[in-house]
């Protein structure tokens, strides 16, 4: 009787809704240990989600405005930044087979944190960096994040083997952490880029990168006994044989092939869209009202800030006035389009992060128990259809139906990211179920590197497509053709779904013998890792 009354009470219903994620985290902490949950939130939420969200916007503006590269070239350079993720199996092999000072995980977290911090500071402090050194520093940042993710992925995969029914929940935890972190990162990125510039943002990001060092310092881990460096080569060979044995298994290599092809054929032309977004003449009119108001006050005959509706400060007025007076070729619309544009781009990406988070919520609550093949069929079809929203925007059809550019871009980004996350979640769950015991970190890293090779292929081929269609910093006449080709190619993976098993996502896929770890003197045993509480350490 009391329970029914509580359910009918709107306040209690709202309270139950608020407490639901807290209870879910408590459940995961009880089943998997709270230290695991905290580690995932730090690495995925802060290091990968928040930091990558900030880095993405900062890097694009840095390469566009300071290095002056073309969109097709930027696609190639950003593809190079994925190389540390492509060699994730190497990081996985090191963490699985090569302890440092008797520990398998802690030193790699600390090394990853120091690498990211030093690379961030190099980008921030050094002036007039060459393009090569800038790319090298950005690659160091990418490598630091990749190594930290590999270390935490090993823990995720171990728990997926010991708790197969919670594999979907663990991937949802990773997705939640990453999406929420990206949401915060994208929300602040535009404002901070406008305030301190891309290089200033790189300097600020050295702080969250340092938290990875803190994870390595707090991680409680049992020392590895009976380890000799003479056996490292043998362990590498054993790990390689184990991976090859797993890859020969039919239900392993077929999903791997699908994951690569599904990403490779979905061409990435994101940088072409970014250059069009930020083009003052041919791009969308995100801030027509602000542009009109500010142009009014820049007319000499209207005086200085005659209206109360203006949001411009006196400093901003003098800055813009000096820009206009010093450069006769710089028009009012050019300056005002630049003013606040970083915030607009950051807000669009933040809405995309909300869409990604919504995709995780939808998957966790309604889709996680559906079979892999069925879910991928519908999500891939929707993913292809969502690409046509960019076509509507570039052809300006949204204006004909009365939808402003900014409103339509926000809808486009939210829907595309939501569908992309729904498509990605089952592949992550499937990947966690394909890893043999004993080399979980290495094999999961191998699967993720296959995905990144697919992303690299789509990025470089997309760059070639932009080059072929002559889409440059200022020419976007054929951008709609690139969008149409990309949208059509997104449908191709639907015809490759026979490579995905029709298994229940809550059951194991590998044979039982591949899920049992062999223990011996020459094999590192799997140990449960936990975080040392600050209270216990004082």
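Placement of Cβ uses the backbone N, Cα and C atoms for every residue, glycine included.
Note that this is a predicted model, so its numbers are computed, not measured.
Per TrEMBL, the features are as follows:
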- 34-55: transmembrane segment (TRANSMEM)
- 108-125: transmembrane segment (TRANSMEM)
- 131-152: transmembrane segment (TRANSMEM)
- 173-195: transmembrane segment (TRANSMEM)
- 201-219: transmembrane segment (TRANSMEM)
- 257-277: transmembrane segment (TRANSMEM)
- 344-363: transmembrane segment (TRANSMEM)
- 375-397: transmembrane segment (TRANSMEM)
- 443-466: transmembrane segment (TRANSMEM)
- 478-500: transmembrane segment (TRANSMEM)
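With a threshold of 8 Å between CB atoms, the same-chain residues lying at least 6 positions outside the transmembrane segment (201-219) that come near it are 39, 42-43, 46-47, 50-51, 54-55, 58, 105-114, 116-117, 120-121, 123-125, 141, 144, 148, 189, 192-193, 529-532, 534, 537. Against the transmembrane segment (443-466), the recorded stretches 34-55, 108-125, 257-277, 344-363, 375-397 differ in Cβ pairs under 8 Å, and the greatest number is found for 257-277.
With respect to Cβ pairs under 8 Å, the transmembrane segment (344-363) is most closely packed against 34-55, considering the stretches 34-55, 131-152, 478-500. Note on the transmembrane segment (34-55): residues 25, 28, 116, 141, 145, 148-149, 151-152, 155-156, 159, 170, 173-174, 177-186, 188-189, 192, 201-202, 204-205, 208-209, 211-212, 214-215, 219-220, 349-350, 353, 529-531 of its chain, located 6 or more positions outside it, place their CB under 8 angstroms from a CB of the stretch.
Beyond the ends of the transmembrane segment (173-195), by six or more residues, the same chain brings 25, 28, 37, 40-41, 44-46, 48-54, 56-58, 61, 156, 201, 204, 340, 342-347, 349-350, 352-354, 356-357, 359-360, 363, 421, 425, 428 to within a C-beta distance below 8 angstroms of the stretch. Only sequence-distant pairs (6 or more apart) were considered; of these, at least three Cβ pairs between the transmembrane segment (131-152) and the transmembrane segment (108-125) are under 8 A, so the stretches are in contact.
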